[in-house]
Amino acid sequence: MNSSQSNPSSDAWVPPPDSRAYILTPILIAVMTISSLLVLLRLITRVFLVKTLGIDDLLSVASLSANMKLGVQYGAGTHVYEVPPVKLPHFLSLVTTSELLFVFSLCMVRFSNLAFIARLSSDKWFVRGIYAVGFLVSSITLIAVAFVLSKCKDVRDLWNIENPNRECKSFNAEFSVMIFHAGMGILIDASILALPIWIVFRKMKFSPKMVRVVLIFCVGALSIIAGVLRLNYSLLNVDADMYVYTLQLSSDLNIETIITYNIGVMTLWGGIEGHLGLWTACFPALQPLFRLAGVKLGISRRTQTSKETHKSYGKP
C-alpha cells in the first residue's frame, strides 16, 4: 500500500497516479499564467498607451482574481475511495466556495466583454442588445448564487460539513440549477459573440482589418465550445457508476453523494471556459500594443495617432 494512503490523516497526502489532478493542475496553471499575462498587458496598454482606464479593465481584473482557484489537493479528480476520509470535509467545503467563485468569475468575464463591446457602436438596437444580455447575466448569476446560499437551512452548514444536524437540499436539486446555469451561459456567450461580429460586418468593408477583428472575437467561440463540453459531460456522466461514487462519511452526517473523480473534468472545462472568455475580452484591448510592436519590429508601417487610438479604445 502507498505510504500516502496508509496515513490518511497526513497533510502531505499526494493523489494516486491515476488521479486526474495531474492533468487538471498543469492545464489550469498554464491558462491562469496566460490570463495573468494578458490582463497585465491590457492594463499597461490602457494606462500607458491609450491613457485611459475603463470599467471593463477593472472587471477583467476581478474576473482574473475569481478564476484563480484550485481544489485538487483535497481530492478533485481522484476516485472517492482513494481520497483520505479526513480530506473529504475539506473537499465538500471547497466545492461550495468554488461554485460561488465560478459563478462570479463567469459573471465578471461576461460583463467585461459587454463593457468593451459597448464602445463599438452607439446604435440604439446594439445598446439595447447589450442591456438585454447584461440583464440575463445578472439574472442567472443571482439565481445561482441565491440557490447555492440557500442549499442548507443554516448557511453556515454549507462549510460546516461535519455538523450532524445540518439540513441541506439533495444533489439532484443542485444539479438542475447547474444545468440551467450552464445552458443559459452558452446562449449568453453566443449572444456576446454575435453582437460585435454583427457590428463589424455592418460597418466595416471586407478587409484584412475586418478579418483580424472577427478572428479576435472568434476566440470567444472556443469559450462557447468549452461551455458545451462542460454541459455535455455533466449530462452524460454525472450519474455514471464509473465516475460517481457514494460515500456515507458516518451514520450521523447528512451527506448523500460525493463526486470527486467526475468533478475534475467539470472543473477543467469550467476553468477553460472562464479563461477563454477573459482572453476574448483582452485581445481587442491589446490592439494598440500590437500595432506599436508591429511598427517597432518593422512588420507594419502603419501608425495611428494617439487621438484616434483614444477614440477607438478609450472611454465611449
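The backbone N, Cα and C atoms fix where each Cβ goes, glycine too.
Keep in mind the model is a prediction, meaning the values are calculated, not measured.
Annotated features, as they stand in TrEMBL:
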type     : residues : note
DOMAIN   : 41-291   : domain 'Rhodopsin'
TRANSMEM : 20-41    : transmembrane segment
TRANSMEM : 88-109   : transmembrane segment
TRANSMEM : 130-149  : transmembrane segment
TRANSMEM : 179-201  : transmembrane segment
TRANSMEM : 213-233  : transmembrane segment
TRANSMEM : 276-294  : transmembrane segment
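Same-chain residues lying 6 or more positions outside the transmembrane segment (179-201) and placing a CB less than 8 Å from one of its CB atoms are 103, 106, 110, 113-114, 117, 120-121, 123, 126, 129-130, 133, 136-137, 140, 143-144, 210, 213-214, 217-218, 220-221, 223-224, 227-228, 230-231, 234-235, 277, 280. Counting Cβ pairs closer than 8 Å and at least 6 residues apart in sequence, the transmembrane segment (276-294) and the transmembrane segment (20-41) reach three or more and so form a contact.
Remote same-chain partners of the transmembrane segment (130-149), defined as residues 6 or more beyond its termini with a Cβ less than 8 Å from a stretch Cβ, comprise 96, 99-100, 103-104, 106-107, 110-111, 114, 117-118, 155, 158, 174, 177, 180-181, 184-185, 187-188, 191-192, 195.
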